Amino acid sequence: MRFLTAGESHGPKLTVIIEGMPSNMQLTSDKINQELFKRQGGYGRGRRMQIEKDTVEITSGVRHGVTLGSPITLEITNDDHKHWLKVMGVDPKDDTEPVKRVITKPRPGHADLVGGMKYRHRDLRNVLERSSARETAARVAVGAVCKVLLSQLGIDIFSRVVEIGGARDNNDYPIHTIKENNDNNDVRCIDDNVAQQMRDTIDQAKSNGDSIGGEVQVIVENVPAGLGSYVHYDRKLDGKVAQSVISINAFKAVSFGAGYDMKHLPGSQVQDPIGYNKSGYYRLSNQLGGFEGGMTNGMPIIVNAVMKPIPTLYKPLDSVDINTKEVYKASIERSDSCAVPAASIVCEHAVAFEIAKEILDEFQSNDLAQLQDNIERHKTYIKEF
């Protein structure tokens, strides 16, 4: 399975093509729209999310609510495009008409300057329109389709916010508690007291013209053992998941299970002892976050990821005008003061794609029923090994 996204932040629409989904899987736009709605929420979002009302239109690959096995095309309209018609027009511009909203002062921490160098753009808007996190709406749409597939295979995936700024939820929750309470508030934090500390942290950053980052966690339950491979570096599934997460705008670190705490612990407290009962093999702990040797071991997958503060600041840092080479304050674009709650949704869907893709690669099947049968046979084999 693979996908491509296309579209600029203030262009007419975002477009996605997904290839490799099995046939005969129930899929409606409602399921995708539910996930897109979650991405638009969260405390600390900017005015753009008051303009956009993200909904998807399925234009191929589905008939009467059932996948056909052919490429699935999804389209998400950018409602804000109507305000940018002269800035983001496709047709050639009249030479007598000045270019509007040109950007020549790159923002530190963004793709602006290096992207302009690489693709030889003198107007850095050509870079930021595609490098914008607006593209993550398309990735959430892809992940939403993958979540539908995973749910029909008995696999659950969900996420939460662990930290924003210095406000951290250090409670060790049972997985079912996280699953049942991760959407109870607008920062997606399980502990309501910590949630209020997170809001206060966001408010303080916003009042200072600043931004704030944090940490999110994604959990995947009921994943069969044996996905991925130890044989080659590029087949290790934890490596694929890590790459997918780091490719999300502003994500700078990823770990699994106990993560960075492992550097303080002896090996006897990091490895997960193995047990066996009538249900098969299991681990007595899950410090490694569901991966051993680049493969799933049957335990829940635990992904921890760190998002840096958004680099667009309302009190901008120093930059240099690429035309005059003079020092200026960086350009200001409409932005969020904190997107960590929304980013947890994006991260969840990025992981969903990688798990779904690995399953489809491992158990190659043309339709959903065949896929389900292949996985059940694999689970029986693993149990009796």
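Quick reminder: no glycine exception, Cβ is built from N, Cα and C everywhere.
Heads up, TrEMBL stuff is auto-annotated, nobody curated it.
What TrEMBL lists as NADP(+) binding site is Arg39, Arg45. Positions annotated as FMN binding site by TrEMBL: Arg130, Ser131, Ser132, Asn249, Ala250, Gly293, Lys308, Pro309, Ile310, Pro311, Thr312, Arg334.
Feature annotations (TrEMBL) mapped to structure.
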{"residue": "Arg39", "record": "NADP(+) binding site", "Cβ contacts under 8 Å, 6 or more apart": "Asp54, Thr136, Ala137, Val140, Ala342, Ile345, Val346"}
{"residue": "Arg45", "record": "NADP(+) binding site", "Cβ contacts under 8 Å, 6 or more apart": "Asp336, Ala339, Ala342"}
{"residue": "Arg130", "record": "FMN binding site", "Cβ contacts under 8 Å, 6 or more apart": "Glu8, Ser9"}
{"residue": "Ser132", "record": "FMN binding site", "Cβ contacts under 8 Å, 6 or more apart": "Glu8, Ser9, Asn249"}
{"residue": "Ala250", "record": "FMN binding site", "Cβ contacts under 8 Å, 6 or more apart": "Ala133, Gly213, Met307, Lys308, Pro309, Ile310, Pro311, Ala339, Ala343"}
{"residue": "Thr312", "record": "FMN binding site", "Cβ contacts under 8 Å, 6 or more apart": "Arg107, His110, Ser211, Ile332, Glu333, Ser335"}
Given the binding-site residues Lys308, Ile310, which one is most crowded in terms of C-beta atoms within 10 angstroms? Ile310
